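Step one of this worksheet: look at the structure below.
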Amino acid sequence: MNLKKILIATKNPGKAREFRSFFEPRGFKIITLNDLENPPQIIENGRSFTENALIKANALTKKLQTTTLADDSGLMVSALNGEPGVFSARYAADHDDAANNQKLLNKLVNVPNEKRDAIFHTTLVVTSPNHQPLIVEGEVKGYILQQPAGHDGFGYDPLFYLPQFYKTFAQMSVAEKNQVSHRGQAIKRLAEKFDDWWE
Ligand SMILES: O=P(O)(O)OP(=O)(O)OP(=O)(O)OC[C@H]1O[C@@H](n2cnc3c(O)ncnc32)[C@H](O)[C@@H]1O
Ligand SMILES: [Mg+2]
């Protein structure tokens, strides 16, 4: 993590924005796979969020011999027995947010509001050439709306509603989302544990 620079094994600009919002005010610079000239090809074929996050972080640590942070996240809908889970990025079609959201709405078409509860999960993994991986998690409970609301955020944000805020994630600023989200909670845990792990 090179004191002031954090390399994140993600291609997702929405995630990068949330990491920047937390770390840049604390004096860190965020670099992602999109900033590398020859990023490694990473196949996320793990069976769990942790396996996938380890695959992503290890790919960069191996290639560049450097400390790397990876994020693997997903939505688990109770009425669908935890779907889409680790398949969240390719539920209907690979990284097609509109199609993935529409598939979710179609699957829940007859499910009443009170049974549309879901959990958003993030696992963060930090790897480095000479440490055991540091693994933290964050989760938040919400409800899947019957139609999208809001234009900020990414992925499933327009459908993920938090009753205590009367808003979806797509109706929150990045800072607001980080206060409550799965990723925000995981980042806070990481920040608490990082110094001890690094020693
Ligand atoms: O390069 P990486 O980091 O793997 O980026 P990704 O978009 O492929 O991310 P994941 O593998 O973790 O897959 C998670 C899926 O869930 C979506 N997702 C993750 N975090 C989200 C969040 O905070 N809000 C809404 N959707 C989210 C995301 O768009 C993906 O479709
Ligand atoms: Mg991915």
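Including glycine, each Cβ sits where the backbone N, Cα and C put it.
Going by what TrEMBL states, the substrate site holds T10, K11, N12, P13, G14, K15, F154, G155, Y156, D157, K177, H182, R183, and the candidate of S73, S78 recorded there is S73.
The Cβ neighbour count for N12 (substrate binding site), using a 10 Å radius over every protein chain in view, is 18.
Cα of D72 (active site, proton acceptor) to Cα of T10 (substrate binding site): a span of 9 Å. Of all residue pairs in T10, K11, N12, P13, G14, K15, S73, F154, G155, Y156, D157, K177, H182, R183, the annotated binders of substrate, the farthest apart have Cα atoms separated by 20 Å.
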